[in-house]
Amino acid sequence: MSDLILFWHRRDLRVSDSIGLAQACNTNARVIGVFCFDRAILTNDSVAPARVAYLVGCLKSLAEDYRRAGSQLLFVEGNPVVKIPLLATTLAAKAVYWHLDIEPYSQTRDESIATTLKSHNIEVHTSWDQLLHAPTEITTGNKQPYTVYTPFWRNWSSRSKPAPVEVKLPPSQLEANELSALTQVPTIDLPTAKDLGFIWENPLKLEPGTSAAARELEAFCHRSICEYDEQRNYPAIAGTSGLSSALKFGVIGIRTVWAATIEAMAETRSDEARAGITTWQQELAWREFYQQAMYHFPSLAQGAYRDALKHFPWQDDGDRFEAWCRGETGYPIVDAAMRQLNEIGWMHNRCRMIVASFLTKDLIINWQWGEKYFMQRLIDGDLSANNGGWQWSASSGMDPKPLRIFNPYTQAQKFDPEADYIRQWVPELKSVDTNLILKGNIPPLTCHQIGYPLPIVEHSVQQRLFKDLYASVKGAA
Ligand code: FAD
């Protein structure tokens, strides 16, 4: 057995603040990184070109970080259940390290790989890294997982948080015999998104990689975090961090992110600023809440959490769904948000809630259609956050007050009062009076002249219909 350790990267595309990588490096063995392009993930129909392009960009920057440290990042392609053990046995690695994940697919895959490696006497070292608290750490007094956010937050926020981890990546190279053995498991050059079958021109101009994410975090903590409480709800303002893709792919360590919030807190005495920082910390806790929920209740990935909503009589209408997808519902705030998603692969959180409510409560279409469409478009698409957001909006999830219906007009009046966001994404409305846009009073003739659709449903009618259906479902109300 050689002194070689493989560190398998998955959603931890960095060499800093990495618990497992630090452990591997502390053994004094050679540490080589590996990333496997998993065909099952890349060929399923819930992949967004934006996400693949961002992933490839992050891998390029990760490979560069390995190279700078005098080490190597290998790329393989295929089924990781086959490829990771094959690579490890071919290189006679003494151990494979990776970080645990909460997603059901990852857990099944990892168990199978661990079993194979152990059967070849290759050590397996796993640890939790993507969360501040492992999913089994924050439980109720009865040692049960939380299903309500507020008590989860109280418990979660009262715990001390781990500090960023220092990683000393040693210079490590494959030896001549190992390189020649690699013919059995061909490694590949880093493909482009196009090589993988995806085309994305990055209209969001989001720079991939750890350095870019660190700069974003610093800028946010010096710029907007103090006003976050106030500004986060206005989609026309860049008042949020824009870190969701970096957090999804672990381009930045969660401990580093938390430490930045503590530093920002220490630098201010203003109550408003402290409220902003706390509210942003609460968003990080939402991320962890939904991840621990997916870990403990993997069936969330398949359908409603609430039994009563498992067979809700959704009125799935393909034409209405298409209109929603294209941003042609005749509801300006909904259309602006959907066009933002279609054009740049990202949507503001307030708008995610508005369009999700509209799809489920106004169009009465199954939330899983929307969940999937989001995954096909979002640069930050993430099973647990997306599922949690959709189930919350659909009244099917972990929410003590589940029946929430957003009025798209009052939402627009409150959160886009000058219709700036609407006009940015729905240019046909540029010269239409703000009041007409916000109150849904654009005359039909004007709609016809500017080529903007009339509302495809009437909010008040659909709201009543949804409430009737909801009341008719046993156990829902
Ligand atoms: P910030 O406001 O700066 O928040 C900081 C970080 O906290 C985010 O980057 C994210 O990691 C986390 N976060 C914030 N809000 C939430 C939340 N409600 N749930 C879980 N984590 C949160 N987020 C995703 O990362 N991926 C998704 O696929 C996703 N789908 C969503 C679908 C719906 C229907 C809804 C309502 C929300 C969804 N969210 C999702 C949550 C949220 O909209 C995004 O995390 C946020 O808009 C990303 O922008 P930001 O990084 O500027 O966020």
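From the backbone N, Cα and C atoms, a Cβ is placed for every residue, glycine too.
Because the structure is a prediction, the values reported are computed rather than measured.
As given in TrEMBL:
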- 3-132: domain 'Photolyase/cryptochrome alpha/beta' (DOMAIN)
- TYR228, 240-244, TRP280, 283-290, 380-382: FAD binding site (BINDING)
- TRP314: site 'Electron transfer via tryptophanyl radical' (SITE)
- TRP367: site 'Electron transfer via tryptophanyl radical' (SITE)
- TRP390: site 'Electron transfer via tryptophanyl radical' (SITE)
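TRP390 are the recorded positions among TYR228, ALA285, GLU288, TRP314, TRP367, TRP390 whose C-beta comes within less than 6 Å of an atom of ligand 1, given in sequence order.
When Cβ neighbours within 10 Å are tallied across all protein chains shown, the highest count among the recorded positions TYR228, TRP280, TRP314, TRP367, TRP390 belongs to TRP367. Remark: ALA285 (FAD binding site) has TYR149, PHE152, TRP153, TRP156, SER157 as non-local neighbours, by Cβ distance under 8 Å and separation of at least 6 in sequence. For the domain 'Photolyase/cryptochrome alpha/beta' (3-132), the DSSP counts in helix, strand and coil order read 58 helix, 30 strand, 42 coil. Within the same chain, the residues at least 6 positions away from GLU288 (FAD binding site) whose Cβ sits under 8 Å from its Cβ are LEU131, LEU132, HIS133, ILE138, TRP156, listed in sequence order.
Take the Cα of GLY242 (FAD binding site) and measure to each of the recorded sites TRP314, TRP367, TRP390: the nearest one is TRP390.
TRP314 (site 'Electron transfer via tryptophanyl radical') falls within neither a helix nor a strand when secondary structure is assigned with DSSP, and so counts as coil. Under 8 Å, Cβ to Cβ, and six or more positions away along its own chain, ASP380 (FAD binding site) finds ARG51, SER244, SER245, LEU247, LYS248, TRP346. The average pLDDT for the domain 'Photolyase/cryptochrome alpha/beta' (3-132) in the predicted structure is 97. Distance between Cα atoms for TRP367 (site 'Electron transfer via tryptophanyl radical') and TRP280 (FAD binding site): 27 Å, as a whole number. When other Cβ atoms within 10 Å of the Cβ of GLY242 (FAD binding site) are tallied across all protein chains shown, the result is 17.
The shortest Cα-Cα distance from TRP314 (site 'Electron transfer via tryptophanyl radical') to any of the recorded positions (TYR228, TRP280, TRP390) is found for TRP390.
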